Amino acid sequence: MVDLLLGLQWGDEGKGKIVDVLTKDYDIIARFQGGPNAGHTLEFDGIKHVLHTIPSGIFHKNAINIVGNGVVIDPVIFKKELDNLDKFNIDIVSKLLISRKAHLILPTHRLLDAASEAAKGKAKIGSTLKGIGPTYMDKTGRNGMRVGDLEFGNWKKKYRALADKHEAMIGFYNVDVQYNLAELETEFFDAVETLKKLSFIDSEEYIFKAQANGQKILAEGAQGSLLDIDFGTYPYVTSSNTTAAGACTGLGVPPNKIEKVYGIFKAYTTRVGSGPFPTELFDQDGETMGRVGNEFGATTGRPRRCGWLDLVALKYAVQINGVTDLMMMKSDVLSGFDKLKVCTAYQYKGETIQHLPYNIESKNVTPVYTELKGWAADLTKMTKAEDLPKALNDYIAFLEQELQVPIKIVSVGPDRLQTIRR
Ligand code: IMP
C-alpha cells in the first residue's frame, strides 16, 4: 500500500515536517521527483534540519528511505547533506537507498541553468539554479547520466562527452557565466566517490517487493502542484511532475496501489521565483505574513512572496491530485489578523470564473474575496483540536465546505509537537 504526500501550492508548504510526523506509521519513505531545488525543513528537540535530496524519514530509526528514479541528484549537495547527518549516528548505508535510474546533476548542468536564466533577462523563471531544468532536459533528450552508470568503469568517459557538450552549449547562450570547471570537477568527482559508498538499488523492484510483503510506503513529493511541469503556471514551473502522477513514474508505483493522497497547504499562500500569483499582497498584511511566517527560501534564502489563500488554485490542485486528506500548515502565522480574506473566484476578461485560466498572468486575473473573521489567540502552545479558537474552526469549516475534503491536520508551529490532529 502506498500513500502520497504532496504540496498543493507553489512549494514550501511544510512537507518535510509532515513526513517526519507521519513516518512512524510507515516502513518506507520515498522521494519521487525534484532534486536539491527542494528544501524540506524539520524541527524537533530544538534543532532545525534542512534536507534537499534525502527523504524526510531519515531521522526515524525504523524507516527505510529511498531516493526514487524520478529524482535528480547532485552528488556535491548530497555529500553536504550526508556530512550534516554525520553527528546523528544514522546507519546511512542500510537506511538510505538510491535508485540506479535516478539522473545525476553535473556541474555543467548548474552552469547551463545560470546561462539559460541570464539569457532570459526579465523573463527569467527565478530558478534555484541547481541545474534541475538542464538535467531533466538531458533525461528526456536521452543524453543523461544515471546513478547506475557509476557502477561501470567507463562512466568518466560518458561524463566528459556530456560535460564538453554542455560547455559548447553555454557558449551558445552568449552570456557572462564565470566558472572554473577544473575546480568544480574536482569537487564533483570527490562527491561521486562518497555517493558510491551508498546502496544503489533497482528501486521499482524493491518497492514492488515491499508492497507484496505488506510494507507501508509513503511517497514524498517536492515543490508544489502549481509548479508541475504540465499543470503548473508554465513556464514559471519546475521541470518535473510534482502532482500525484509523478509518484507513479518517479517510483514505478501503479495507480491502483495508491490509497491516501495527503495534500499539504499553508493557511495563506507563498511563492518564490517569478510567475503569476493572483492573491499576492504588496501591503502591510503581506509583509506581516512574511515576517511572522519567516518566509525565506530554505534552499536559496530568497524572501518569499506572500498573499491570501487562493481557493481557486487550491481546488484545482485537489482535483488534479485526487486529494483524500488535507493538512493545513502555518495556521499560527494568521493569528492577530482582524479579518482574513480567501479568494473564491477570479474576475477574468469581464467574467467571474472558478478555474485556472490558461493565461493566468496577474494582469489578466483579479481575485474575488470572501472575508472571514480572524482570531487573536496564540496557537503555538495548543495541542488539541478542542483548544482551537472558534474563528479558526470557522475558517477550517469554510475551506472544507469549499474543497469537499476534510482537513485532518492543523499545524500550529514548526516543531513536530506543534501538530493538531482532527
Ligand atoms: P528550479 O526547479 O530550480 O528550476 O526552479 C523553478 C521554479 O520553481 C522557481 O520559481 C523556483 O523558485 C521554484 N522552486 C523550485 N523548487 C522549489 C521549492 O522547493 N520550493 C518552492 N519553490 C521552488
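Placement of Cβ uses the backbone N, Cα and C atoms for every residue, glycine included.
Taken from TrEMBL as is:
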- ASP12: active site, proton acceptor (ACT_SITE)
- HIS40: active site, proton donor (ACT_SITE)
- LYS139: active site (ACT_SITE)
- 11-17, 39-41, ARG304, 330-332, 411-413: GTP binding site (BINDING)
- ASP12, GLY39: Mg(2+) binding site (BINDING)
- ASP12, GLU13, GLY14, LYS15, ASN37, ALA38, GLY39, HIS40, THR128, ARG142, GLN223, THR238, ARG302: IMP binding site (BINDING)
- ALA298, THR299, THR300, GLY301, ARG302, PRO303, ARG304: substrate binding site (BINDING)
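What TrEMBL annotates, mapped onto the structure for a quick look.
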residue : record                 : CB count, 10 Å
ASN37   : IMP binding site       : 30
THR41   : GTP binding site       : 18
LYS139  : active site            : 21
GLN223  : IMP binding site       : 29
ALA298  : substrate binding site : 18
THR299  : substrate binding site : 19
THR300  : substrate binding site : 16
GLY301  : substrate binding site : 9
ARG302  : IMP binding site       : 13
PRO303  : substrate binding site : 13
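According to DSSP, LYS17 (GTP binding site) sits within a helical segment. Taking the Cβ of THR128 (IMP binding site) as centre and 10 Å as the limit, one finds 23 other Cβ atoms among all the protein chains shown.
If you take the Cα of GLY14 (GTP binding site) and the Cα of ALA298 (substrate binding site), they are about 11 angstrom apart, rounded to a whole number.
The two recorded residues HIS40 (active site, proton donor) and ALA298 (substrate binding site) have their Cα atoms spaced 7 Å from each other. Here the binding-site residues are GLY11, GLY14, GLY39, and the one with the most other Cβ atoms within 10 Å of its Cβ is GLY11. Under the DSSP three-state reduction, HIS40 (active site, proton donor) is assigned to strand. Using Cα positions, the member of the recorded positions GLY11, THR41, LYS139, THR300 nearest to THR128 (IMP binding site) is identified as THR300. Other residues of the same chain near the substrate site, with their Cβ within 8 Å of the Cβ centroid of ALA298, THR299, THR300, GLY301, ARG302, PRO303, ARG304, are GLY39, VAL272, PHE296, GLY297.
Listed in sequence order, the recorded positions among ASP12, ASN37, THR41, SER331 whose CB lies under 6 angstroms from an atom of ligand 1 come out as ASP12, ASN37. Of the listed recorded positions LYS17, HIS40, ARG304, the Cβ environment within 10 Å is emptiest of other Cβ atoms at ARG304.
Following the DSSP three-state reduction, the secondary structure of GLN223 (IMP binding site) is coil. Within the set of recorded positions ASP12, LYS17, ASN37, GLY301, ARG302, the entry lying nearest in space to the residue listed as 'active site' is ASN37 (CA atoms). Take the CB of SER331 (GTP binding site) and look out to 10 A: across all protein chains shown you find 25 other CB atoms. Within the same chain, the residues at least 6 positions away from ASP12 (active site, proton acceptor) whose Cβ sits under 8 Å from its Cβ are GLY39, GLY224, LYS266, THR270, VAL272, GLU295, GLY297, ALA298, ARG304, listed in sequence order. Taking only the Cα positions, the spacing between LYS17 (GTP binding site) and GLN223 (IMP binding site) is 14 angstrom.
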